[in-house]
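S.K.: Here's the feature list from Swiss-Prot:
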| type | residues | note |
| --- | --- | --- |
| ACT_SITE | His89 | active site, proton donor |
| BINDING | Phe23, Ala57, Tyr58, Glu59, Ala81, Val82, Ile83, Phe113 | 5-amino-6-(D-ribitylamino)uracil binding site |
| BINDING | Ala86, Thr87, Arg127 | (2S)-2-hydroxy-3-oxobutyl phosphate binding site |
Amino acid sequence: MIQELKADLNGKGQKHCVIVSRFNEFITENLLKGALESFRMHGVREEDVTVVRVPGAYEMPVVVAKVAASKKYNSIVCLGAVIRGATAHFDFVAGESAKIGSIGVQHSIPVVFGVLTTDTIEQAIERAGTKAGNKGAEAAATAVEMVNLLSLL
């Protein structure tokens with residue numbers, strides 16, 4: 001018989017670190033609000049969530065590495081908004097910030113990528129709590145589930 005592992009969304013007793021970009025703060029604050037509400041809804045106590053603010057998405061990898069190495073948290077959630085402009089800056093920042101996943105693999109900790117990469121401000125707004133839901137809330141729920149899944153392995 002095939003064994004299937006399925007994690008629940010009960011975050012009781014979990015500790016999470018949320019790293020949030022100050023750049024495009026009008027978007028990232030809504031992502032953060034969504035994440036914090038999602039953690040609360042899934043049983044994570046407010047005092048078990050630490051928020052770290054970084055200047056932008058480009059600065060996230062070094063902070064993720066430091067937090068992961070500390071072994072203080074069960075997961076790391078990264079929130080930001082990189083919006084395409086007329087230069088190659090978008091591609092560079094989006095590419096660098098996407099490297100955070102490898103840090104999670106190195107440290108065996110879930111690192112959830114909640115950094116929006118959109119073509120327009122409107123798309124970012126939609127993903128930060130309007131038409132397309134709140135990707136910050138989704139990232140927090142993913143973190144809770146991944147912590148539980150890893151505990152089953």
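Keep in mind that glycine also has a Cβ here, set from the backbone N, Cα and C atoms.
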S.K.: Name the secondary structure element type, per DSSP in three states, that contains Phe23 (5-amino-6-(D-ribitylamino)uracil binding site).
M.R.: coil
S.K.: If the 5-amino-6-(D-ribitylamino)uracil binders are Phe23, Ala57, Tyr58, Glu59, Ala81, Val82, Ile83, Phe113 per the record, what's the largest distance between their Cα atoms, in Å?
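M.R.: So the binding residues stretch over 16 Å, Cα to Cα.
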S.K.: Around the C-beta of Ile83 (5-amino-6-(D-ribitylamino)uracil binding site), how many further C-beta atoms are within 10 angstroms, looking at every protein chain?
M.R.: 19
S.K.: Counting only residues 6+ away in sequence within the same chain, which have a CB under 8 Å from the CB of Glu59 (5-amino-6-(D-ribitylamino)uracil binding site)?
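M.R.: For Glu59 (5-amino-6-(D-ribitylamino)uracil binding site), the qualifying residues are Ser21.
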S.K.: What whole-number Å value do you get for the CA-CA distance of Ile83 (5-amino-6-(D-ribitylamino)uracil binding site) and Arg127 ((2S)-2-hydroxy-3-oxobutyl phosphate binding site)?
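M.R.: If we compare the Cα positions of Ile83 (5-amino-6-(D-ribitylamino)uracil binding site) and Arg127 ((2S)-2-hydroxy-3-oxobutyl phosphate binding site), the gap is 12 Å.
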S.K.: Roughly how many Å separate the Cα of Ala57 (5-amino-6-(D-ribitylamino)uracil binding site) from that of Arg127 ((2S)-2-hydroxy-3-oxobutyl phosphate binding site), to the nearest whole number?
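M.R.: Taking the Cα atoms only, Ala57 (5-amino-6-(D-ribitylamino)uracil binding site) lies 17 Å from Arg127 ((2S)-2-hydroxy-3-oxobutyl phosphate binding site).
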